[in-house]
Amino acid sequence: MTIIAMLDYASVLVFALTGALVASRAQLDLVGFAFFACLTGLGGGTLRDLLLDRTPIWIDNPAFLMVGCGAAALVFFTAHLFESRYRAILWLDAGALGVAVAAGAGLAENLSQPPIIVLVMGIATGCAGGLMRDVVANEVPMVLKQGELYVTCALIGSAALLLSPQIGVPMASLACAGITFALRAGSLVFGWALPTYKPRPPRK
Amino acid sequence: MTIIAMLDYASVLVFALTGALVASRAQLDLVGFAFFACLTGLGGGTLRDLLLDRTPIWIDNPAFLMVGCGAAALVFFTAHLFESRYRAILWLDAGALGVAVAAGAGLAENLSQPPIIVLVMGIATGCAGGLMRDVVANEVPMVLKQGELYVTCALIGSAALLLSPQIGVPMASLACAGITFALRAGSLVFGWALPTYKPRPPRK
Amino acid sequence: MTIIAMLDYASVLVFALTGALVASRAQLDLVGFAFFACLTGLGGGTLRDLLLDRTPIWIDNPAFLMVGCGAAALVFFTAHLFESRYRAILWLDAGALGVAVAAGAGLAENLSQPPIIVLVMGIATGCAGGLMRDVVANEVPMVLKQGELYVTCALIGSAALLLSPQIGVPMASLACAGITFALRAGSLVFGWALPTYKPRPPRK
């Protein structure tokens, strides 16, 4: 199995866990858990594949759906063990972001897309699944949270994937996943952020 | 006309009626009715076609758009006759779910997709149009309603379509539509449900 | 550069400005501005291209992404100059609707699609970017605003594009953009509207 295939599986698994946890907060049944797990786990990769005119990964290889359903079942029976499901969602989402960005940007690079498209595919693959989860579940999308890095992590991680070979770093995909996750974790723990827009006149 | 084409028309028509009723609750004009009718009626089939890399049905055959616009006009002039538009939406949506699941799963089977993809296409075609309607209209998506069967009906209906030929049931599509609708109706009338997730510690 | 390419650039630019203004209302950082600018600026054209089975314009030509990011940077540093950012969004959105409808309907006509598909592509290209922006930003979609013309402007503008050559009007694309914008502007300034649905029994 190639590194990109492994990253694809990992991102489906971890995003699916966050989807199932959101379903647990909405008190759905097991099928509802599977629905949210697969939507979240497969949403980003599916968007990437549609944009690049490829068959979605899970149609070629239904094992991805099994991963999503397995994550749903796991969470259905264990979610009560988490002290705070919201924090579990935040942290799993951070990990999923890392691997999904690497999977998205890595695939675009393998297809010899130009660098800017590699960046966009990293961002789209990393952010779209969680965005669909939050929109469908009526929660505030994580990309909208003020004073947190989110899209920025995906952007810098994808840039790391592009630059790694040129500065002699091996395993560019893993560097990408690690940097993306580290930035997101630093934002969650230490409050790392970029300057946000501050309206000067009263906001209307 | 094949059975699947008939199911496609029926699902567009009935989902379009629910879209137009949602537009009536938002007090839109006739064009707004047509917009919601076509979004709801064609959303599920369009998603299915994009995922399976086919031209969306309504681009090949614009008659589907006419069905959506006709449903919009019908509702614009008759919605006041319904005693409760919300109940009308619930029940029409149940009927539309039945026929859309059959159309989605049936098409995937005709394309010789593996069984798990047939299940997913049944669910996606059945649920996506209503989901788009609810997300755009800022209503709580039906897939999120606690203690009701929704995705489950689509899943079991699609499974029925797969199993019917093997146990000698003719007209698998109709069995699928009937079972999907019957389960949803049973959930609405008798409260049929699967066990839902119950958080044991206080929910955060 | 063809007229349709110019319209594509103009619609990306002006919709991207509205996306960035929405990001400013949510007090995001510069990368969040770029995310919303590109989502809004490219969303409608990307939907059109996926439906017509074409490669999204910005994958073939990443300059479109640059336009989106440029618009984001411009707004990040100047949004405080607007007296009312909400009114700026409304009016820029009206202008973007005009050029996007012309770009969408014009491309469909160049591809020799039947007239009804030209109308739908005008509406979809014009409305989808702003709709994605509003759904992701948790704002009420403009297509839902009661007593305002929105989808109607796109419909009549697209129809103007189809009819212009037959009544001898040159530059059908510009007629389309102008009529779409004029109708939307008339709705904002003078309250032009179509009769809306008025429920007679109490609304449930």
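We count from 1, first residue shown onward.
Every residue, even glycine, has its Cβ placed from backbone N, Cα and C.
Here's what TrEMBL has on this protein:
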type	residues	note
TRANSMEM	B:6-23	transmembrane segment
DOMAIN	B:6-79	domain 'Glycine transporter'
TRANSMEM	B:30-51	transmembrane segment
TRANSMEM	B:63-82	transmembrane segment
TRANSMEM	B:89-108	transmembrane segment
DOMAIN	B:90-163	domain 'Glycine transporter'
TRANSMEM	B:114-136	transmembrane segment
TRANSMEM	B:148-165	transmembrane segment
TRANSMEM	B:171-194	transmembrane segment
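In the predicted model, residues of the domain 'Glycine transporter' (B:90-163) average a pLDDT of 94. Under the criterion of 3 or more C-beta pairs below 8 Å, with sequence separation of 6 or more, the transmembrane segment (B:63-82) and the transmembrane segment (B:6-23) qualify as touching.
Remote same-chain partners of the transmembrane segment (B:148-165), defined as residues 6 or more beyond its termini with a Cβ less than 8 Å from a stretch Cβ, comprise 97-98, 101-102, 104-106, 109, 115, 118-119, 121-123, 126-127, 142, 171-173, 175-177, 179-181, 183-184, 186-188, 192-194.
Note: the domain 'Glycine transporter' (B:6-79) comprises 63 helix, 1 strand, 10 coil (DSSP; helix = H, G, I, strand = E, B). Look at the domain 'Glycine transporter' (B:90-163): DSSP puts its residues at 59 helix, 0 strand, 15 coil.
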